[in-house]
Amino acid sequence: MRGRLCVGRAAAAAAAVAVPLAGGQEGSPGGGRRGSRGTTMVKKRKGRVVIDSDTEDSGSDENLDQELLSLAKRKRSDSEEKEPPVSQPAASSDSETSDSDDEWTFGSNKNKKKGKARKIEKKGTMKKQANKTASSGSSDKDSSAESSAPEEGEVSDSDSNSSSSSSDSDSSSEDEEFHDGYGEDLMGDEEDRARLEQMTEKEREQELFNRIEKREVLKRRFEIKKKLKTAKKKEKKEKKKKQEEEQEKKKLTQIQESQVTSHNKERRSKRDEKLDKKSQAMEELKAEREKRKNRTAELLAKKQPLKTSEVYSDDEEEEEDDKSSEKSDRSSRTSSSDEEEEKEEIPPKSQPVSLPEELNRVRLSRHKLERWCHMPFFAKTVTGCFVRIGIGNHNSKPVYRVAEITGVVETAKVYQLGGTRTNKGLQLRHGNDQRVFRLEFVSNQEFTESEFMKWKEAMFSAGMQLPTLDEINKKELSIKEALNYKFNDQDIEEIVKEKERFRKAPPNYAMKKTQLLKEKAMAEDLGDQDKAKQIQDQLNELEERAEALDRQRTKNISAISYINQRNREWNIVESEKALVAESHNMKNQQMDPFTRRQCKPTIVSNSRDPAVQAAILAQLNAKYGSGVLPDAPKEMSKGQGKDKDLNSKSASDLSEDLFKVHDFDVKIDLQVPSSESKALAITSKAPPAKDGAPRRSLNLEDYKKRRGLI
């Protein structure tokens, strides 16, 4: 018979043990067991452990059941009384099995919440484990030690504390290294190695895999912490740098303010001293005046006749009075002079400029500089004023700075400034920087707030004082005087010379040339050859400029005339080509009977001159022989008959003998090419051209179109 031992385990309650026999009864000690192999299965939470064995010793089974029940009761009572802290397994370890002997005890099952199936191959091992559990149940210390022992994959509190302290110490050090308590082979100390050796191969691989995953997670966290620490360190360094820079700026501003305050204090102390002296002198004068008033009042009150000594004092008294009056005059003069000096040294508006509007009062625009650049007062008026100068571009935007004019210089380049030309430049100062700029780079716009603050910072950093309101008022007055300046003849001559010096060409070449010729003649008369040579060079230069301007002026005109002449020649050539082509077409054209031709009648009698006709007849007779053309003498006779001056007898003879007229020999074999005869026939039939241009005859269709019939 085979017997089975089932051990059930609940999640929250105490462990309960049931041993079903082969016949289905629980707890009967008489069950027998047969078989040579045993199998143990452990399920999660509501699992059961089933042990099949074929040992013949039934008494050992009963003892084992009793020992297991007693052990479970003891563990429950001990846990209720003592309630010792149980170390929880690590979250990252997924191993739920172990090779320890506590798996066969109920105490260890009470502490654990999960388990895995396990097989026992030998019967002797089961007996040894049962004996061990029995011995452990008998001793409370052993059971408590076993219950408090950490499971596989768990980390004890001491280990966690040590690891946390080590991590803190490592984090405090700069060269931190990752360490999770295991070596490179994922094994710990000797106890850990022994415990892993006791596991099966599958459990060992699972445990190592869990450790690898845990190591990766911890390593990732370690790297993230390290990066965060480095970032925090960088932020701290940057903050420290910023704080140091701010402190330096504050120190500079404090130093500058202290300098300004010390200077103001010195000025105030001097002013107070002068005020004290002045107040003392005034008090003395007041006291003397009061004394005099008191004396006169006493004398009037007494109304007694005045003595000569009282009215006319002695010389000594007069001298004393004179001395006192001189002293009072001196004190008043000194006080007035002190006041004047104080006004000069410490004007009422001695405060430095604080707004861009105040500085804009002495700003010069490019338009003003263009008007004044040739004036005699230019250098004097401009020095001390301010301009808005362009220094270049930044991100495709122009950049301007506030600069003070310290002087006027002449540059090597002559440039165009509006409607005039000049070579003058402004020497500008911005803080410690000084540079020469041309007038064309000055802006017409006013100073902005940002530009004003930039200039103010540059002045403070250079340790220079800002201009006061009194200086600005004085400069503004000088600008107004320049606007209302009255010119004299000498100023006008200087302005004209200055403008002519930079002018490319004179406004009137003829006038300039005549003036130079006069000067040359005067120099030659006086015998000054050097001056005459200089004037001749000027004349040559003037002629060259005039020729260059003439070439430039007539350049376009000559080009246009050349184009017109070329077009005319081309039109003539094209018209000749068209005439030749039309004549060829006329020759090759066949006769059209429907074409209307010009048929202007001609009077035969008046058609030709008789002398010309006789010459033609003589040529024809010489070529073809006499009597070839009978029509010619006939026409001749007709013409002579009509004419009154001709002989009537010859005409009557020709008209009477008609047979003789037709009695002549005709040569048929003529040595004339056919092409020539054809050409003669065509030319004779063609209408005469008018004005040398061919004229095409109208056909019926063109005629109807012109008349509006079609």
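Glycine is treated like the rest: Cβ placed from N, Cα and C.
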### Summary
Ranges in play 71-105, 526-560, with Swiss-Prot marking coiled coil at 526-560
### Query
In Swiss-Prot, which of 415-451, 674-710 is labelled region 'Disordered'?
674-710
### Message
Candidates are S354, S365, S650; I want to know which one Swiss-Prot annotates as phosphoserine.
### Response
S650
### Query
Swiss-Prot annotates one residue of T39, T55, T230, T253 as phosphothreonine; which residue is it?
T55
### Message
Using a 10 Å radius around its CB, how many other CB atoms surround S697 (phosphoserine)?
### Response
12
### Whole-number mean of pLDDT values that fall within the coiled coil (526-560)
84
